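In what follows, a structure is listed as structure tokens, so that the remarks can point back to it.
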Amino acid sequence: MPELPEVEVVRAGLERHVVGATLASVEVLHPRPVRRDPRGPSGFASVLTGRRVEAARRRGKYFWLPLDSGDALLGHLGMSGQMLVQPVGTADERHLRVRFGLTTGGELRFVDQRMFGGLSVSTGGADLPPEIEHIARDPIDPEFDDDLFVARVRKRTSGIKRLLLDQGLISGVGNIYADEALWRARLHGERSGDRLKRAQVVELLSHVRAVMGEALAQGGTSFDALYVNVNGESGYFDRSLSAYGQEGEPCGRCATPIRRITFMNRSSYFCPRCQPKPRAST
DNA sequence: AGTGGATCCTGAACGC
DNA sequence: TGCGTTCAGGATCCAC
């Protein structure tokens, strides 16, 4: 489940291994991953063929490769996507969806089991693809505006976990790191934004940064074989998790068993003692 | 405009 | 053994 640290590892891998190469061939093996591209699979392939990759950039969990045409190849890994650079002749991965032949030798491959991710060509999107203009900066971005984030959170009545997952407010935070940051901040995810003190939101933001920073230092999180970076190497961070996936395990602070509840059709893990559920009036 | 729930997708894990 | 159900979740879509 790639979150921002994993996507940054992928971006860095693309920068190192793909920038400077020309896409000599493009082969779409499944239409779904290019569903966002209005050109369709064949148009996607033809507009990319022969283009040179000039950079590798990222905002939140999106990455894009500006091209010598002024367009950009925009991508998102979804839940299970991978960008792999493989030698020519490497056996096809079971869920190989798109293959790019590179003039530098080797192939860039988009592999995605569940196909929540995808690729598309953004017209004139070299600087910031218009498709992702609504995505906020991430908290690692030097231009992230802390005061603006705090102010916006404190005007919203949604639960703080939903706000952390709102990519228009803050990008790059997924389910796992949201739970970890909330545990560190001792906040229940259902606490409404407008009822949090300014200092509570500031502290929560610092925990989000810390969790991301630790994951980035370790090369991203991996919980199963689904996430692999651009070279096919998995990152490991899972031993550091305090809340996510820890149902029934003792809280690291107070030893109360961690609980799991369903939220937005996914799981939320929290300590019922350190992170008390808000009362209806609070 | 903000809110909250549904939806997409595959395959591993689970229950009977 | 086999078949059906549940679960995982990022981003988008939609009704209110």
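The backbone N, Cα and C atoms fix where each Cβ goes, and this holds for glycine too.
The DNA site recorded in TrEMBL includes A:His95, A:Arg156, and the single candidate from A:Arg114, A:Arg184 that the record places there is A:Arg114. Counting only same-chain residues six or more apart in sequence, the Cβ atoms lying under 8 angstroms from the Cβ of A:Arg114 (DNA binding site) belong to A:Gly78, A:Met79, A:Ser80.
Most other Cβ atoms within 10 A: among the recorded positions A:Lys61, A:His95, A:Arg156, A:Arg266, that distinction falls to A:Lys61. The list of residues near the domain 'FPG-type' (A:242-276) in space but at least 6 beyond its ends in sequence, with Cβ under 8 angstroms from a Cβ of it, reads 161-162, 165, 175-176, 179-180, 182-184, 186-189, 223.
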